[in-house]
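Among the features that TrEMBL reports, repeat 'Solcar' is placed at 11-96, 109-226, 239-334.
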Amino acid sequence: MSTDEEKQLKLNELDDLVFGAISGIAGKIVEFPFDTVKVRLQTSSNDTFNGTFDCIAKTYKNEGIAGFYKGLSSPLVGSMIENGVLFSGFSLAQHIIRKATNKSEDEPLSMAQYTLAGGIAGTGAALLLTPVELVKCKLQVQDVESLYHAKNELTSTISKTATNEIANNTVQTTPKLHYKGPFHVIYSTIKNHGLKGMYRGHMGTLIREVSGGAAWFGVYELACNYTMKSSNVSNKDDLPPWKLAVCGALAGISYNSLSFPVDVIKSKMQTEDFAVTNGKKIGQKLGKGFVTTATDIYKAGGIRAFYKGCGITIVRSVPSSGIIFVTYELLKRNFGRHEYV
């Protein structure tokens, strides 16, 4: 490869990093309320919420709109990092595969090769994403159990106790905050568990990102390839935004459908401070590792426990993933320094 080609490749990777980061911001703003509901369903006890709509209603009633955006700053940064690394990593992985198979930079890869490139990209994203997700999950679920169970206890007490007795035995309904914000989570985690504490649940993140990245990019490229053929065009730049959005939505559905059970395990591991199963804290047991966490989840709720919050996650992936890919493709189309096939 000539010096000019190497320079162009680096510029292309920089474009992918920046465009991916911007796309991540757009997608995260849309999906975060859904993500909050998902994490709360994944980590709460069976009697806290009676499903997705009950979780939404209780969150809004008790915490307002702000309750859906708890801990947004950390995942917003995380989404920038994740999508920036994913898109630039995907581009770099394609280059490596083309070089290994003696293909030119303009020659399209097979669907299997696109899928492989997506998995490689996910590996890099997982390393950077684990600490960010740990902070996000802790902020999203802190005091959820104490808040809703305390209010249930108050209602029960009112029905059984005279008003004057309640006045003398006030039930605490306002939860005490464990963390004041993202930096407090980071400080407390490192102080109590060292730097390795920030990588709690990394195995789950790694499995999710590798398998999810492979599915995300693989399905997107497959959908785009089919759409280009049916539209009689030879380049993604010729596809209208709405068709790119549909392809992106399909990619998002495939990502979450494949990786969701692993994400449940990861969320449990990262929120063990607050993890409750059937009303009993299992933090220490969860601390044994990925396999032990998965076993405990299965014993507590069977296979269904690995899909708590899956419905809303699939729903959120449609607009979120669609927006991410449309934003990325339009930025690349209008501001990129090289056209990809």
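Every residue, even glycine, has its Cβ placed from backbone N, Cα and C.
Helix, strand and coil counts from DSSP across the repeat 'Solcar' (239-334) read 76 helix, 4 strand, 16 coil. On the 0 to 100 pLDDT scale, the repeat 'Solcar' (239-334) averages 84 in the predicted structure.
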